[in-house]
């Protein structure tokens, strides 16, 4: 605690000390003719706060919830962008044998080459994996696209790419072209990579703080829905047939076209417009449209936008620009970047795709037919969808850190149990059903943490400037992990069988240990606070909250500008406080007579008082002055002794005019009252008498 000030907190003060603190403040107010109570102070300030604070308090509930435009944006991006990604991930599994026959016949007819099983396997592996290559490429370009064309522009681009890919899918069978099929998979991969790197960022940037987590879950929710829909439509009884497989691959375009109807009405991210592009007027209008309130009710969020924009301008003036090189090399961004990439890659290395791949075999071992096993696999996808829906309120209620850790540990345990149960699947009659239970349990544990959180955690760990690049790195790690698992799992599974799940369990445990020591809780917190906490890299201490003075310093710096999404929750004005006695006050130490006289010229006029105090509406944090005295903290908790040799023999009230905020109706007589107080300070007898009166109170 600084020697120049003492903080009074009602939660840990003794009753006697609290009463003396209240009397100290009230006596100071009375000495300045401001009033005998805090209520009078608030009445005096009401005209000043009428245009901002009162309106802010009226709209506080509106600013923290869903609005029609937010709902429209969430639905449109989920239908047109997120669901198609999941659809393209899962659509190739069920009709695989039909598409392989098409490729074999097409190559033989066009090139006269009769492919053997190994050559056909290589071609099929290329068709499957080129989608992941496109995903990695799209992720790498996501940051550039989001900054160059905007968050909304990125939505338009990935929708156009998706429709182009669907057209190529449908045309490939009619044209008899394997090349067209390959190109279609590459294009939808590019679109998918753009989606996973830009959509979560877009949704979390436009959301108010209270529903930021829920908006972030919408993207992984769409992915889960897409995989499930692809599994259902890929059944042989639906579209998984030789005559309709090409329509199956391109059917997602209907959702994209439907969502594009809403594109003209979707908002651009106010943070992007105001901070990145410098289009202040457009950013303010979009923020007003998103929140559904007038501009006058958004003063607090606008203050945050201005501060962040100023910080970005200072960085630009110093030649700092955020690209993949600068973000990767910045020491202060190293740990949050490692967290984002570890979560995204760890999600894939937890084995979710391998479990779904193995699920049909497990269900067949339990005695189900091939068709029944497919339905059971769809049921596992339904469980994944259900828990993802449940995760929307969970991430807002319990936070990101506990859910991520619980998901990692429980998923690792389920993988070990699954390995053991598969090993002894024929030992006991009920063991196959226990294997089914292990699969469903793993899907459940994966779904509430490892599934949704990695997609949007980057938006909460990074500031607006480096955020797009960081999200691109994370998305690239996700697609890269998917590619590695997809290419290596069949070989590993053929060598060690079910013990391959132990590798996934070990990977998940390592991720849990890393998150335990380095992942801070980001729920309801300003990314600026998180950046300050993680800037020391692996030496960062996530359980140590920076002091208020330290936070205020780094929020005003160009390195760490405040994130506007949480500004409204951080600032409280006096007119919003129902119990003024519960205020947290920073009260500077009293001044000695010499200090009072030496600095009396500073307050020689009402204008000087205003300039010195900076603001007469900020009572909860009275500004500190150059005069330092360390005796107040000890004397507040102990009776004041009338010792003329002690600085405390001068009553604290007599030094308050220099530091108390001024209000308009007292300015006219400020100079005369100051002279009155200074003359009284020379009369030690009167000061002693006033000190005795305060002790009696």
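A Cβ is built for glycine as well, from the same backbone N, Cα and C atoms used for every other residue.
Feature annotation (TrEMBL): of 311-333, 334-356, 403-425, the stretch labelled transmembrane segment is 403-425. For the ranges 153-170, 279-296, 531-548, 549-566, the feature annotated in TrEMBL as transmembrane segment maps to 153-170. Checked against TrEMBL, the range among 120-141, 582-603, 604-625 recorded as transmembrane segment is 120-141.
If you look at the transmembrane segment (469-490), the same-chain residues 6 or more away from its ends with a CB under 8 A from one of its CBs are 125, 128-129, 132-133, 135-136, 138-144, 146, 193, 196-198, 200-201, 322-324, 327-328, 333, 336-337, 340-349, 351, 353-354, 357, 454, 457-459, 461-462, 500. Long-range contacts of the transmembrane segment (215-235) within the same chain, counting only residues at least 6 positions beyond its ends with a Cβ under 8 Å from a Cβ of the stretch, are 70, 74, 77-79, 81-91, 93-95, 195-196, 199-200, 203-204, 206-207, 248, 251-252, 374, 377-378, 381-382, 384-385, 388-389, 391-392, 395, 447, 451-452, 455-457, 459.
For the domain 'Major facilitator superfamily (MFS) profile' (74-523), the model's average pLDDT works out to 88.
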